[in-house]
Every structure is written in structure tokens, then in C-alpha cells.
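Engineer: As listed in TrEMBL for this protein:
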{"type": "DOMAIN", "residues": "45-132", "note": "domain 'Purple acid phosphatase N-terminal'"}
{"type": "DOMAIN", "residues": "141-334", "note": "domain 'Calcineurin-like phosphoesterase'"}
{"type": "DOMAIN", "residues": "349-413", "note": "domain 'Purple acid phosphatase C-terminal'"}
{"type": "SIGNAL", "residues": "1-22", "note": "signal peptide"}
Amino acid sequence: MANPSPLALIVFFLLLILTISATEYSRPPPKKIIAMRSSKPESHPQQVHISVVGADHMRITWIADDKHTQSLVEYGRASGVYDKSATGEHTTYRYFFYNSGTIHHVKIGPLDPDTVYYYRCGGIDDMYSFKTPPASLPIEFAVAGDLGQTEWTSSTLNHINASNYDMLLLPGDLSYADTNQPLWDSFGRLVEPLASARPWMVTQGNHEIEAFPIFDWFHPFASYNHRWRMPYEESGSSSNLYYSFDVAGGAVHVVMLGSYAEFGSDSDQYKWLVKDLGEVDREKTPWIIVLLHAPWYNTNAAHQGEGENMRRATEHLLYEARVDIVFAGHVHAYERFKRVYDNKANSCGPVHITIGDGGNREGLALDFKKDHKSASLSLFHEASFGHGRLKVLNRTHAHWSWHRNDDSEATVRDKVWIESLSASGACGAGQTTELSASGKDEL
Ligand SMILES: *[C@@H]1O[C@H](CO)[C@@H](O)[C@H](O)[C@H]1NC(C)=O
Ligand SMILES: *[C@@H]1O[C@H](CO)[C@@H](O)[C@H](O)[C@H]1NC(C)=O
């Protein structure tokens, strides 16, 4: 072929650029980290966040720089009237030259459902308030993974705040402190307005590990486990890295798995999971939702295969228990799959959703593979920052929507009704499900 003339080349490239810009939504770039400094006196509580413990208790966690602040929470149902109180415990940790403030954990209750409580921490008159989750359906979850602390995070938080959610579920990667400990404090301040007002239930991602292999006296997850203590003992787990809880009077069972804890069939996590799922009575609990960090199904070029060992080890347990939905993070994009099991469409398997697009500083994972072996299982994907909302309306129906942070406008990009597998007679989730520890269910 003859060489094209320079003019033809220029025209060709101009056309190419025009075509690309006409068809592609232009991806906003990552945004700056927001550094949140404390403007409060040392004795005052900061980084306040709450998490549910059992059916009617709440754990209030906060940090004070002053070592003498008491582990005390006073609370009540009227603004400024604290007619009840509880004391708890406190802890600190060191990380190289960093000394944490005093981290307080106080469990309060029993609390009434769907009720606003006002509270203060450490006897200091900074008033906070939260609303307890409802005792029955409906319930609304906000779901956001890989949150970080950038201007995109802030935009995600504003969009979540504008919804009337009852509880936030986070499938791992909180602060992106990446061993720079003051960034954990900054993250705590950034999320406080939301995390002090609704329970935030989290599991770990790879950014929570923060281990230094050569200095093995620095335990992995030191910061995460001290700051984000979850109700693991209450669900019979021996580790803060995996646990479960019930909400909406037991209508929804949420299982938080640890992608970075051992999961092989002789591990504690595996044995705990067998027992935990085995104890769910689908008559009382029509919904089971699982969260973990590294996705088992993923057509994005990022993090291919990283969830595969865990999938091979534990997917059959989730399938046999008829888990309804699995949320993952890790990949900085959104993707929703068909109901799947063992790499095939399966109407009795969970819906897998990757929601790792909360707003972290690493930016988006743009490259979805059209020729990926799971491409035919993937129903929707998009690389944009955003969050999800899961409204569990009744025993049979839940509505899922994914909301993109499109500048300041909230934009719904994906929505779908999800039917509980316990409602589907064909999958037999209404009856007691036999869990075989040995595994493979022939389809
Ligand atoms: C959240 O929304 C409420 C009103 O719905 C508002 O008063 C509050 O300032 C908002 N908080 C944040 C952090 O956006
Ligand atoms: C559950 O909610 C869905 C959606 O609103 C509705 O179609 C269905 O009839 C409801 N089921 C029951 C048992 O109320």
C-alpha cells in the first residue's frame, strides 16, 4: 500500500479523536486527598463512628488525644437530655514512631428500633445523634467500597447522606492510609458526620493490612482492628476480620468475610462460616448478604484472579446456603453479574456485584475485557465513582440501584429488582439446607 499523505493522516486522526470523544463518556480523573485536621481541644471526642452489636445495642467508638478522657457515653431520646449512660474500654496502638490517641469503645443499649438517640462521649458536651435500624423490613443499606479520602470520597459521602439509609456496608479499603497512620485519623474525621449518625459495618481490604514483613512485631491490621472493631465475638468468630450479624429483626443476615484472613477448609474462617450459615433459618431470615473485598467474578483487567483461591475454597458454602447477594470491592469500578455458581449462570446462585468505586486516590479501573471468560455473565459495568443502595422491601423483593457521582448531580446508572432465593421454591432455600463441608454440589 502507498504511504498516505500527511494531510490524510491529520484528517484521519482528527476524525478518530472526534469519534472517540463522541462515543465515550469522559472519565473524570482522580481528585486530591482531603486532609482533615482536628480543630478540637485534646480532651474532645473525634472520629466518632458507630456499629451495631446484637439486635438492640450499638458500639460507640471515638478517639481523644487526652489520655484521661473517660470511656463513657451518655445518651437519651431527647436532644441534650442524657438520662442513660454506659462505660466501656479503651485501647491505643503504636506504629513505628506513631502513637495513636486513646481509642474508646462503649457498648450502649438496649435501644429501641428506628429511633433517634442523642449522645455525648467522655463527658464532653459535643452532641451527636444516630438513628437505630428498624426492627423489621423494609430496611435500606448504602453500599460503598474502596472509599479513601479524596474529593471524590467527599462527593460519594454527600450522595449517601442525601439518601435515607439505615446502615452502611463497606466491602473493604477504608482510609488508604497505607501505613501513614495520621491518614487514619484524617479519614475518621472525614467520615464522622455520617459514621456517627448511622451504623457503619465494614470488612477489611488489602489496604488495611499495613504489615511490614521484616519487622514482624508489627502485626498486620493493627490500625484497622483497633479503630474499626466489629461485633465478631457476638457471632462466634474469633477474629475481627470476619463476622456476621442480623438486622431488621433477623430478616436479613449479613456475613462479612475476610479476603485477607485464612479461608482454606481447615481454617478458622471456613469452619466459622460453615457453622454461621448452617444456623440461618430461612423461614425467619429470607435474605442472606455476603461482603468480601477481592471479587470472585470480575471482567475488569484490574486484579484478575485475586479472589480465585477464596472462590474455589468457599463458593460452594455460599451456594448451598442460597446466599442472595455477594458484594465485593477492590476493583475501582462498578460491575453486576447474573446469578452465578462455579463460573456458570445458575438461578440458585448469588448475584455478584463489585462496588469498589467509593472515591480512593488510585483512580478508576477503566479496562473491562470484552473477551473475558465471564463476559457473558456480566450484565452491567462502568468505571465511575459512586455508591449503591439496597432497599430490602419485604421477604421476597429487594431493589438495588447504583448511583454515579456525576459532578454534583446524583445519577442512577443501574437498577434491578432482586428476588430472595428463599422465595424461589425451585432453589429449596425455604427448607433447612444441608451444608456439606466436603463441597461440590453437582448441578
Ligand atoms: C447530611 O444531610 C443532612 C440533612 O439531610 C444535613 O443536615 C447534613 O449537614 C448533611 N451532612 C453532610 C456531612 O453532608
Ligand atoms: C414485596 O414487594 C414487591 C415490590 O414492591 C411487591 O411486588 C410484592 O407484592 C411484595 N410482596 C409481599 C409479600 O408483600
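Cβ atoms are placed via backbone N, Cα and C, with glycine included.
Nobody curates TrEMBL annotations by hand; they come from automatic prediction.
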Engineer: Looking only at the domain 'Calcineurin-like phosphoesterase' (141-334), what is the model's average confidence as pLDDT?
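Structural biologist: Result for the domain 'Calcineurin-like phosphoesterase' (141-334): average pLDDT 96.
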Engineer: Sort the residues of the domain 'Purple acid phosphatase N-terminal' (45-132) into helix, strand and coil with DSSP and give the three counts.
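Structural biologist: The breakdown for the domain 'Purple acid phosphatase N-terminal' (45-132) reads 0 helix, 51 strand, 37 coil.
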Engineer: Just give the helix, strand and coil counts over the domain 'Purple acid phosphatase C-terminal' (349-413), going by DSSP.
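Structural biologist: In the domain 'Purple acid phosphatase C-terminal' (349-413), the DSSP-based counts are 3 helix, 33 strand, 29 coil.
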